[in-house]
Amino acid sequence: MLAIALRSGWVAVLEPLALFNAASAVTAPAAAALGPPPRTARLFLDSGRSSPGPSKARVRRRKSVTTCSIALTDGLGGQESIGDGDNFNGAAVEKEEEKFTLSRFGAGILEDAKRRYKHYLSDFTDGVHPKAAAATFFLYFACLTPCLAFGGLMATVTGNSIGVVESLIGTAVSGVLYAMLAAQPLTLLGPTGLMVIFTGLLYKATVELGLPFLPVYGWVGLWSFAFLFVLAAVEASNLSIGALFKASSPFSTATALLSFVLAGGTWILSTFLTQMRSSRLLVPSVRNALSDFGPPLAILLMSLVPPILFPGVVIPELPIPSGIATTSGRPWIVPFFSVPAWVIAASSIPAALLTLLIFLDQNITSRLINDPKNKLKKGEGYHLDLFVLGALMAVGSLFGLPWMVASTVPSLSHVRSLSTISKSISISGENSDIPDETVVGVIENRLTGVTIHVTSGLFLYMGFTSLSGNQFVERLKLWVYDPELYPEYDFTKSVPRAVLHGFTALQLVCLTTLWTLKKTSWGITFPLLILALMPIRNYVAGSLFSREHLNIMDSH
């Protein structure tokens, strides 16, 4: 019942913008990301070449230093920084990594399993907690909404070869198995805009070449699993990486207008409810409940508007079969060997691009979740997680299901919803009225991830809350602000305006190039441009602007 008129636009605009903002700042194990509901994150890493400063969180390897600065915007109404410059109050993380040799092939996966599986039983018993139940209820809707909307988009870009049913089944099966088998069960899998874009470009390529889509799709998934397995086996997650129509419609202008109103209303109502926690209205228990369940409540309330107030206006609905069947009516098993041998071999080329995209996304999400400031105690397992993710992709490819990847913002929301947070307020200073939030502990468990996995208005809400606090967007706004009235950010105080606007212009050029490439026949190669953003940040920006100024902008 919710509006879907803006769905394509927001997915197409917000995903590449967030992806760019993440990738353009990356200078090592991965960057930062966006993805929908309540939080977005930006991770800046600088590998080996130098350390930006003693105040950054550090992960030292034998011959390289990786420094990170993470800024998170909480869509539930607050903003916090993790490892952000001088505000980072977690202890430096010192980790000696054994140098990889061929004799260690696969050893990292086994070590991750040994380290993490010893907590397996407590991962379930710890999940029996009221906070875990509340997190499950909230995140169920937060995960279901993008699943349905991206499933509808997938049907559009693949000619109904993959649609809502496949998206629902893929999310449920992959989510449950990942929560059961992965080293870090707090990571949530789901469809993302980048996977929809990649799949759509792959479909377009197969149509132009006169090839059947699903067999090619399946082989790309299997090749990608093979590549991800090798990356996991050689412990690639420890490596420093230098430094994404025009058709007739039965719906009227009234439909489009109502769709816009419903989408905007859902976003406004979601924002209002999630900010109730800091409001003076009602009693604390009611405020907290409304804040925790603001988005699903907004969806429910706005879904009642069309049938009650506008019964005569037709609102488009997602096409979902009444039974468990594929969207197009095709058999569930993909006919892998209906294509010639050269197609099987050639599928490894787009698979390599897909692997690059997934590897970056997985490491971004995993490192943000395992940040020391979250005070997780049961350990991480980057190599095991990558292997499990690849295996689930292979299984999904057999049945023509969407590729599920680590969904950054829902995963961070998962951690946030399971966190116990301490707030303190300074009695003096310029930030005396801003509460300082510190994570005391997180309920690390597998139960919420399992149960979470057993419409577009929320997308709008997630998109805007993701952009809120995004430094690239904030710096773009400065182009039209009175210089005398700039917000009080570190970079506005310490960085000359010419440098500030020059760096923003460079980022805007990269974003425009990424967007343009996606629209061309070479669009499927956009992961390579994402990778190219890293040396652009390190060397091009590094030659144009001073390291001191770049570090100040990175640390915001």
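Note that the numbers count up from 1, one per residue, in the order the chain is shown.
Cβ from N, Cα, C; glycine included.
The domain 'Bicarbonate transporter-like transmembrane' annotation in TrEMBL covers 105-239 (among others).
Per TrEMBL, the feature domain 'Bicarbonate transporter-like transmembrane' maps to 250-458 (among others).
The feature signal peptide is assigned by TrEMBL to 1-25.
The transmembrane segment feature in TrEMBL is assigned to 132-155 (among others).
The annotation transmembrane segment is assigned in TrEMBL to 186-204 (among others). Note on the transmembrane segment (186-204): residues 11-12, 14-16, 19, 35, 139, 143, 146-147, 150-151, 153-154, 157-159, 161-162, 167, 170-171, 174-175, 178, 213, 216-217, 220, 244, 350, 353-354, 357, 361, 365-366, 369, 376, 385, 389, 392, 402-407, 410-411, 414-415, 418, 442, 444, 449, 452-453, 518, 523-524, 526-527 of its chain, located 6 or more positions outside it, place their CB under 8 angstroms from a CB of the stretch.
TrEMBL lists 216-234 (among others) with the feature transmembrane segment. When Cβ-Cβ distances below 8 Å are used as the criterion, the transmembrane segment (216-234) is approached by residues 100, 105-106, 108-109, 161-162, 199, 202-203, 206, 334, 336, 339, 343-344, 347-348, 350-352, 354-355, 358-359, 383-384, 386-387, 389-391, 393-394, 396-398, 400, 403 of the same chain, each at least six residues removed from its ends.
The transmembrane segment annotation in TrEMBL covers 254-273 (among others).
The transmembrane segment annotation in TrEMBL covers 293-313 (among others).
As annotated by TrEMBL, transmembrane segment applies to 333-360 (among others).
Using a Cβ-Cβ cut-off under 8 Å and counting only residues 6 or more beyond its ends in the same chain, the transmembrane segment (381-405) has close neighbours at 108-109, 111-113, 115-116, 150-151, 154, 161-162, 166-167, 169-171, 173-175, 177-178, 181-184, 187, 189-192, 194-195, 199, 214, 217-222, 224-229, 231-233, 235-238, 326, 330, 332-334, 354, 358-359, 361-363, 366. The feature transmembrane segment is assigned by TrEMBL to 381-405 (among others).
Marked as transmembrane segment by TrEMBL: 498-517 (among others).
If you look up TrEMBL, you'll see 524-545 (among others) marked as transmembrane segment.
Secondary structure by DSSP for the domain 'Bicarbonate transporter-like transmembrane' (105-239): 104 helix, 2 strand, 29 coil.
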